[in-house]
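According to TrEMBL, the region 'Disordered' annotation covers 1-44. Taken from TrEMBL, the feature compositional bias 'Low complexity' applies to 15-31. Annotated domain '1,3-beta-glucan synthase component FKS1-like' per TrEMBL: 310-426, in sequence order. Residues or ranges marked as transmembrane segment in TrEMBL: 487-504, 524-546, 596-619, 658-679, 710-727, 732-752, 1540-1560, 1572-1592, 1658-1682, 1766-1787, 1828-1851, 1871-1891 (among others).
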Amino acid sequence: MDEIIPIGPSHRPTRTTSTTRLWRQSSSSSRAPQTGATGGYVVKPFDSEKLPPTLVSEIRPFLRKANQIEAESPRVAYLCRFHAFEKAHIIDPLSNGRGVRQFKTALLRRLEQDWKATTPLRKEKSDARELRNFYERKKASNDHEITAVLLEVLKAVVSGIAQESSAAGESLEEKYGRYNILPLHTRGRQQPIMHLLEIKAAVSAVYNVRGLPSVNSDEETTTASDLLEWLQTWFGFQKGNVANQREHLILLLANMQVRLNPKPSVMTKLDDRAVNELLMKVFKNYLNWCKFLSRKSNIWLPSVKQEVQQHKLLYIALYFLIWGEASNLRLMPECLCYIFHHMAYELYGVLSGAVSLNTGEKVRPAYGGESESFLTNVVTPIYRVIQEEALKNRNGVADHSKWRNYDDINEFFWSVDCFKLGWPMRTNSSFFCTKISSPKPITKNSESPPNPSINSQENPCQQNWLGKTNFVEVRSFWHLFRSFDRMWTFFVLALQVMIIMAWNELDSPVDLLDPQTFEDVLSIFITNAALRLIQVVMDIVFLWQARHTMGYSHKLRYGVKLLAACIWTVTLPASYNISKKYPVCSAKDVIGRLCLSQYMVVVAIYLTTNVIGMALFLVPAVGSYIETSSWSVCKLLSWLCQPRLYVGRGMQESQVSVLKYTVFWIMLLSSKFLFSYYFEIKPLVGPTKQIMKINVHQYDWHELFPHVKSNLGAILAIWAPIILVYFMDTQIWYSIFCTVFGGMYGIVHHLGEIRTMGMVRSRFNTLPAVFNFSLVPRSSPKEKKTSFGTFLEKKFFKDLKVERNDIAKFALVWKEIISSFRSEDLISNREMDLMTMPLSTELNSGLVRWPLFLLATKFSTAVDMAAEFTGTCERLYQKVMKDDYMFCAVTECYISLKYISDFLIIGELEKSILKAIYTHVETSIENSNLLKDINLHQLPVLCNKLVHLVQTLFENKVESRYNVTILLQDIVEIVIKDLVRDTPRIMEVVNSSCMAGCERDFVCLFGDYQPELFTSTSICFPLPNDDPLKEQVKRLYLLLTTKEKAMDVPSNLEARRRISFFATSLFMDMPFAPRVRNMLSFSVITPYFMEEVNFSEEELHLIQDGSSNNSILTYMQKIYPDEWKNFKERLGADPKSEEVRYWASFRGQTLSRTVRGMMYYRKALKLQAFLDKSEQREEDIYKGHTAIDQQGQNHKNGQPCMSDQLDALADMKFTYVISCQKFGEQKANGDPHAQDIIDLMTRHPALRVAYIEEKEVMIGGEPHKLYSSVLIKAENNLDQEIYRIKLPGPPIIGEGKPENQNHAVIFTRGEALQTIDMNQDNYLEEAYKMRNVLQEFVQHHGSHAPTILGLREHIFTGSVSSLAGFMSYQETSFVTIGQRFLASPLRVRFHYGHPDIFDRLFHLTQGGISKASKTINLSEDVFAGYNSTLRRGNVTYKEYIQVGKGRDVGLNQISKFEAKVTNGNSEQALSRDIYRLGHGFDFFRMLSCYFSTVGFYFNSLISIIVVYVFLYGQLYLVLSGLEQALLIKTRTKNMKSLETALGSQSFLQLGLLTGLPMVMELCLEKGFRVAFSDFILMQMQLASVFFTFSLGTKAHYFGRTILHGGAKYRPTGRKFVVFHASFTENYQLYSRSHFVKGFELAFLLIVYNLFRKSYESGVAYLMATFSTWFMALAWLFTPFLFNPMGFAWKKIVEDWADWNHWMRNPGGVGVQPDKSWESWWNCENAHLRHSGLGSKVLEVILSLRFFIYQYGLVYHLDISGDNKTFLVYLLSWVVIIAIIVLVKVVYEARRRLSSEHQLVFRFFKLVIFLAVSTSLAVLYTVCKLSVMDMLICCLAFLPTGWGLLSIVQVLRPRIEYYSIWEPIQAIAHAYDYGMGSVVFAPIAILAWIPVVSALQTRVLFNQAFNRQLQIQPILAGKSKYR
């Protein structure tokens, strides 16, 4: 865009001298350009949001306030804009910044336009007076923010000079009165939150600076206002950081103060206990670090008691200030400990007034207190190391060993060598060396301004690169053995024992006592020694690159281990051999005789080394003490067991926990070994012995090793799959046992106790009691929670004693829950009326007024029952009271009628009549004479009249007055004449009333003169406009007329599910709820990048195809018809477009949905705080809540109103921060997402947004980038900055999401932190349980306090499609039964993503809530769990609260997500965290860790390898002729063990590992019938096909990532609607991961079928290989089965054309992979370029398997005859070479002839074709080449070609520049085109059959069809929306 040229310097307002005041009106033409005649002024705001990055923070306040006051005072608005222009000109006089010139030009033009227009509007003689008067008016109205801006402008007008740096010395809080939660400025002290006593106490302590020395030597005491500002003056922290941490510290202290028990005597004074609690939590890690490094802590406290608290607060504040400004260093906790250690020492020197021995002056901090000195001198140097090391990662391509990640740099501070850095830090230390020869020069494009402390030196690296620390992440599968060596050793030894037992044909374990057999069994220790030697060697090899940072003790340890392993590896076999040659014992020895051979003695000595480990396992507390102790003996013992590292020590669990998971694993392993022995090992031993005895002399091919004895190849082919299944099937047993025990655990803990609305109805009367027990704070704080049995006992007693105010509290909460359902449009207005419990206090009968959906039809049923009843009154009472709801309905109806009649009837006579009737009825009931006194057969007639009367009253129309009179007369007549048997008695009562009270001259009722009753003067109709009365009439009307069954209310499935779960959770075990004021404070943080905030108007209404009128909005209206109907009922038939946008967005995976859900926490806290205020009666609760709901409450006696007090409590306890990484960039670019985020903050004033600002500043005349973390809130519909903290550079240098969280975490508050993704949701009823959940952190689980608390998730996207349903069920089973069992009893639950809750102070000091190193921490969430566990934290899980979560709904999105998760698990397998967990856990806990993390994915890979090993083994047997020879001589047609192996593999393949827990969880929560039907439906929807395909995804990406890397974040998109994916897109995504492997399996099966001999019939063959055929077909065609409109002919035609275009389009530089096959091919194989040598060699070895086909099949050709020489195979390569030469010739001919000699080229191709055809004809006639030979040749040469292509890809860097590369690429192109065509052909054929497309759509969208949703037109309409 061309820059706007300014008008010229004559029109630029400049100030040259102080005497030239250009503000004043002047006739100078340069000041006031002539722009036309003065006319009427039109208010036109100037854009104050899109500003240049270099100016935004300085001038935006003036432009915003100008827009705000323009209508009120245009001239003052003009002056504000002019002042903004002058500030901009002073900041950037040459307009070099990006966009500055355009902005200044635009603003100058606006000033020119406004000059004359505003001058006549000025009321005063001068601008100064005008501005001053306006300023005084605003000041009087207490508009502080505007007055702050006007004051600065006024000063400039008076002085004539713009204040260049007016904000430099002031914080935003001081300047504009802005604040986050606490208004600590003077004007904010009257805010309600500042009136809280605990806040006053904390503020008083933080602002106590008495006695602190001043930074200026001339002053005795400091002038700082608070402790943090004092630290700022000494250490040079940023003002934004100081303001942020000041509020942070005060809130922490206040929350800890208020929870103290017993309470402090003076609440306004900070108690030492609160300070000590915070001190211990903050410095726990620092003190452990000092202890580990044998250093004394530098937290020195004075002897004067009065100063101790102040000094403690100073140390805490110092740490918070360091942490708040540390940026990326926050991810390195021990680095922060090192910084704090030295700065705390300096702080102590300052406080004690220490004098330097060198200078004789008082000690001052090394880096001084200049502005930003801490950032510049401390943070930036270390940050530069992190940044430069991260750049060496090359975006995940470089090997992990070539660069230091966060862990490597942090672990440098685990050694005493870190103190060699010194303080001030020596920048020439090897720590700062990053293998860069010279510092990075500062150029125009540099990302931060120059740093004098770093760049002043020539080269900071005077030593070599420090290298990796303690661990090296090497890409190798050996990491799995190295990390879990004990497990692999155990399984290998167990396998050896079982083989020995089976080989010796032992019948019972007693036979093992045979001396010879026993000695053979003891040979396992030779294997153990060999495996241990391998493990030690691998440790040394893998740690070789970290040897430079390894301490001497570590090196010595590995040397000793290697020496010991070598000695035992030699000694054990030698002694075994001696014992075999010279046996001591014989088989004839009796069993009881003690017989020890030399080998047994050596084994006994060998085992003594494990005695200590076994003892420590049995007593975990001792082991924990030894590992964490500083005692020398303990250090030595720890040193012998494992390297002494800072983490991974003392992770032992309690004795009870150890016992639980030990019993679990003993049962599991016993089952596994029994099954393996009797079904896998033992059945295979017999055939093996027979095979070993057979001598095969004739083979069907040229046998390369004919002299190998015992048919070793055949034995290997048979045993290999069995061995692999043996190592893999533990995962199956683990899944089965977890399913069973997890289900039992769920039953015990009441999961699924209330599954349906019918159960809710039957148990609803108990809900108030359990609600009061669980969610209402205890009146006695001393009451403690005891056992589970006591919990049930108390709860049952509470069911019998429900207090009135308990009902009122429950009713209020229940009403809010139902109201939230209505606001979310889950229920209609009528359903809300039926489900609400009324709060009115008008009926003082003590009656519980249950929701009407419980009482529906109860009254009419009672009337019919009474009318037809015959018997005694007591029997009638029993029948009515048997149903509590029926009794309540009858009683409430009667009382309500009396209550309404008091308002309706005003005539004295009429009142006396009704009173007499009521008295008669009540007397009859009391005397049990109801059946005698009342004719109940007439009740239905009376009820009909009552229904008409109540309906008329409900309508309340004036014209119905006469009808009311008639109805009342009829009712009284029916009662007196028909209903009451003793009419004279009633008449007597009425007549006596008449005689006593009547003043009119008439005869009594029904005498000679009968007056007309219920006339217009006797009734009050229409009824008065009284809300309680209207609600009562409405309720009575619904009670009498509602016919719906309770089962039908609510009708919405989501509402029913939420109510059921809420009711169930009340019966589950949860901590008692504290009062809101005493609960833990917490924050919620949500990382956000570029996802949808709201659906835009255009996106909602965009019609994608002319043939269809469907849009996203239409789709949602059809898929949520009931909710759309409720929405229109709530807002009218024509709702506003903004509300429609929000309605649609709340049903997608949008940020607005997440924000709405999380803000329910605040709403719940306010209501709970209201209920906590006092032990209120029902009347107080109702009246108080009504008053809060009313707006405009006035303050009384200067005290804040109740609503303000509740807001203050909510602010103190809850904070929500969204980390919108790109918000600044989005706003600058005009992205609508930015405005949507501002709108969210406007709708939710308590919401805060943190973002990273990238700002250009001019340094030396050149722009440089500055980065800042900024916190904003919304005011006046605009974003207002609260805090700004400058960063040392771009914070996103590792993985994006954790870095995004890390920059914003400093703005969170509280002691707990919940992490929430932007595709999650929350519910109001769940938010009420949050304070119970937070109490879990107060309790202890096992031996450690909980540090991460996992919560249950509900997947709300399961109804979109069948795939979404599969993912929903799979995810639900993992987050419920899976995590439930991982947490207890296995004790290995980690952090699996959000919505877990963190102990914030623990993780604040231990490295944060995630790890961020590039690539290795791709699954950043789980590493937080690893880190927490390694640092002796405890991760637990609770199910009584749930949070909503969205998942991907399309196959491609699901596959990308699974690929990302699998990539992450592959990187975990290489990580130091897994290694340390594998070695730090005890044996059984280590097993749990393996099978619940990387083991699941590795076993998925093994299950695929089993199929390949089996098929290639069978291929070897059939092609070599061994199978036929073995069948003839052993007469075994098949082996059951192999079928068992394939069956075990099928268990994983078909998804049963996830299916079993899924079914169990469904049974628990929905019942067996529903679970069974859902499971059958899933199978009909091809769930097994999906899970088989998913297994291939996991196996492919796990293996490839470990070998070659390539792990990366894969954006899946979270679109609500599923779309059709083109064939090209599917081929790109699945070609290498599924299609190639599917073809390979098909080739193997076909060849095996052609030459097999083991199965006589094809049916038996198919039965044996069914799962493999199923896998092959699933891998080939699943992407099209689950592709919407995948079989529509129109789409088929489009896909074929797109596919051909993609295949033909040439690639090159800049051509994206989705545009060209060549670019995609290069990108797909790019990972091989960066692989290590070992990975490349392994890739080549694996590719050699494709040559087996050719080698074996060429000997089965008819043309080869009986020739079995190697020459036949060599001659077959002539064909391969001929094809390559032919392709090369054609390629060269096309390159040279196709453009200019087209005819010659065509003739040449004809000649080639004829030559090939002639060659085939000659072979057919002369050499007898048959058709079968042609088929076999295809089966032989096609795999060989693919194998060659795979190998040349590995060798590509060495051969791609030779001429051979072009034919290779052409052959690769032909292979891909051929594979695509073969896959596409069946799809195209099926597309011809119309029913196929309809059936596919029905399978994919079954739930949509159940809702009668026409999905096919919608999908067709989405074809071009991408």
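Keep in mind that glycine also has a Cβ here, set from the backbone N, Cα and C atoms.
Mean pLDDT for the domain '1,3-beta-glucan synthase component FKS1-like' (310-426) in this predicted model: 91. When the stretches 487-504, 524-546, 658-679 are ranked by Cβ pairs under 8 Å to the transmembrane segment (732-752), first place goes to 658-679. Sequence-distant contacts of the transmembrane segment (1871-1891) (same chain, at least 6 residues past either end, Cβ-Cβ under 8 Å): 1623, 1627, 1631, 1635-1636, 1639, 1676-1677, 1680, 1686-1689, 1692, 1695-1696, 1699, 1703, 1717, 1721, 1841-1842, 1845.
If you look at the transmembrane segment (524-546), the same-chain residues 6 or more away from its ends with a CB under 8 A from one of its CBs are 401, 467-472, 474, 476, 478-479, 481-482, 485, 488-489, 492-493, 496-497, 558, 561-562, 565-566, 568-569, 572-573, 576, 603, 606-607.
Within the same chain, residues 480-481, 511-512, 517, 520-521, 523-524, 527-528, 531-532, 673, 676-677, 681-682, 685, 723, 726-727, 730, 1483, 1486-1487, 1490 sit at least 6 positions outside the transmembrane segment (487-504) and bring their C-beta atoms closer than 8 Å to a C-beta of that stretch. Broken down by DSSP into helix, strand and coil, the domain '1,3-beta-glucan synthase component FKS1-like' (310-426) contains 78 helix, 2 strand, 37 coil.
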